[in-house]
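Note sheet for the following structure.
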Amino acid sequence: MGGCAGSRRRLSDSEGEETVPEPRLPLLDHQGAHWKNAVGFWLLGLCNNFSYVVMLSAAHDILSHERTSGNQSHVDPGPAPIPHNSSSRFDCNSVSTAAVLLADILPTLVIKLLAPLGLHLLPYSPRVLVSGICAAGSFVLVAFSHSVGTGLCGVVLASISSGLGEVTFLSLTAFYPRAVISWWSSGTGGAGLLGALSYLGLTQAGLSPQQTLLSMLGIPALLLASYFLLLTSPEAQDPGGEEEAESSARQPLIRTEAPESKPGSSSSLSLRERWTVFKGLLWYIVPLVVVYFAEYFINQGLTSDEHREFAMATTCISDTLGISLSGLLALPLHDFLCQLS
């Protein structure tokens, strides 16, 4: 009997050991989802800012468009631009490169100013599609443009793509673990480096600016693939309670109809509540305005709680405001410097 009981006990123990790994499967799934979302938001940050950075890197070329023989046109980097003042010691275009900066930032500023008022009423998927289409259109329009005006229209498309994408993806982070914000930020930083280096590297390798811009059409495709194929559907992330957690997942990732307004969402905030939240965000907005103003002025002038979604969409206006101010001030400064002998 004892031996039989021992055998049964050992068999039970053995069976127990074999069933131990089964509860780990959800943990593995959770870890896989974590890394998919982390990589997804990194790619979204990279792709979203890529066209914006490339347009700034190509600013000098965009302002020196020339029509070539035949039916082709491209940005010709060879001939030197006609100086605004031949006696100036600066390398001047007839139009300041700050014009490209403003075309690349003012549409973004308008989008970010209007976004907290009603953009949340639109589902995320159409917003991402529009962002991707505008990014692709910007590369094509600038590549085949025949004039500075057409090229600047392409830059405006890049700005619309970047601004709409930034507001959309930052709002989307409210439905994911907070770590994805760091991955998004890292991706946008990578765009600044990879965007500028890729344009410089490809043009220095012998490709024309037109060929370089067309080769970057894979970036908008990667953005759409990252959103629709890589990100997992938003899950309950708020540890404060099941009801709050369910409300944080109120909007699926892929959705065709407009989301319904529910208590606790940013769409239910009154104007007074929005103003109160905005005033609390000024501690973060003002320093960013100063930092971005200084950085871009130097570069261009001289050549779920309930408030989280709304707050993420609103705070991002700070960098755009600083860049816009620097571009506006850089225009008269450019003309002043180019008139110096």
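Positions of Cβ are set from backbone N, Cα and C atoms, glycine also.
Bear in mind that TrEMBL entries carry predicted annotations, made automatically and left uncurated.
Taken from TrEMBL, the feature region 'Disordered' applies to 1-25 (among others).
The region 'Disordered' feature in TrEMBL is assigned to 237-268 (among others).
If you look up TrEMBL, you'll see 95-115 (among others) marked as transmembrane segment.
The transmembrane segment feature in TrEMBL is assigned to 127-144 (among others). Here the transmembrane segment (127-144) has long-range neighbours at 47-48, 50-51, 54-55, 58, 62, 73-75, 119, 150-151, 153-158, 160-162, 164-165, 168, 209-210, 213-214, 216-217, 219-221, 223-224, 227-228, meaning same-chain residues at least 6 beyond its ends whose C-beta is under 8 angstroms from one of its own.
Positions annotated as transmembrane segment by TrEMBL: 151-175 (among others).
Counting residues 6+ beyond its ends, the transmembrane segment (181-200) has Cβ neighbours under 8 Å at 37-39, 41-54, 56-58, 169-170, 173, 212, 216 in the same chain. For 181-200 (among others), the entry in TrEMBL reads transmembrane segment.
The annotation transmembrane segment is assigned in TrEMBL to 212-230 (among others).
TrEMBL lists 281-298 (among others) with the feature transmembrane segment.
Within its own chain, the transmembrane segment (95-115) has Cβ neighbours under 8 Å at 52, 55-56, 59-60, 62-63, 148, 152, 155-156, 158-160, 162-164, 166-167, 296, 300-301, 303, 313-314, 316-317, 320-321, 323-324, 326-328, 330-331, 334-335, counting only residues six or more beyond its boundaries.
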